[in-house]
Amino acid sequence: MNPTALMIMLLSLAIGTTMTLLSHHWLLAWIGLEINTLAIIPLMTKTPHPRAIEAATKYFLTQASASALILFSATMNAWKTGEWSITILSDPYTITLSMALMMKLGLAPLHFWLPEVIQGIPLSTGLILSTWQKIAPMTLLLQISHLTDLKLLITMGLTSILIGGWGGINQTQLRKVMAFSSIGHLGWMVLILKFNPQLTLFNFLLYLTMTAAMFFSLMSISSTKISEISSSWPKSPILVTTMMLVLLSLAGLPPLTGFSPKLLIILELAKQNTLLLASVTMLASLLALFFYLRLTYVMILTLPPHIPPSSTHWRTTKNSPLTAAMTTLALLIFPLSPTFLLII
């Protein structure tokens, strides 16, 4: 892609998200979401492949439907209450707005577009879609968290955790695995949204860090299939080892970063006297743990035969400082969790 066009698209993404973050008016927030949607579509189709075109079309139709529902609900709410403010919502429109924002995020059962779209686009665009594009809708959800319906959030959250685990089990494509991982993590965030919005924000920030670290690592070794990462050890043993640890962090195993949000969410659910919900959530997360462990097994414990001892050119992988920084954060934030919670 032309560097000037790329810069314009990335700048538009930044402007769209910033506009939504700074707005207290539904119309301005909607405009920011639309700028975001339109800016990422050229990035999806920068490699003119039929799969990329299909992914961009699916993404556009889904996001346009969600945006139309947001605009309709906000307009009807303004007609009823006389207010365009994000934090003032009347009863029926709270549910429709919540559902539209969840559709933009890709929460189950409104998730069908996400794995297909991420599978059809390059890893770099998949990184933007899995991290940056989630910021604006999640911010709006956090702003209306005190008005949302608790039963809806619990149902969507549990469904997302189950679908995120089940969907990722039999995948061979790493981008689809990351898509179902994203659905599962967003389920944890939505589950606790009504009880403790600060904890949702904390979980979201750690999710962005861990997902970015995983995508940067996959981009470094140019792998999109499980069969490719199984033979990546000879190319870059250190990077593959850290990738394995990032996967275990995404799974939520102690003492890695991903353990802290899961621990704090279970403690909060126990504090709210919802022990059955906490138990079901933990059992559902075992599904996701299985496919993360499967990936780590393929990466580390199944070495390909005939590994040459020489350090030839094709075996050297250039690791960027950004990959190193994100990986470090994705692995070592757990001891700093209380400090981050105090800041948030």
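Just so you know, glycine gets a Cβ as well, placed from its N, Cα and C.
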Of 87-107, 108-128, 150-170, 171-191, which range does TrEMBL call transmembrane segment?
150-170
Pairs of Cβ atoms less than 8 Å apart decide it: which stretch in 201-218, 276-301, 322-343 has the most with the transmembrane segment (238-256)?
276-301
At a Cβ cut-off of 8 Å, and with pairs 6 or more apart in sequence only, do we get at least 3 pairs between the transmembrane segment (322-343) and the transmembrane segment (201-218), yes or no?
yes
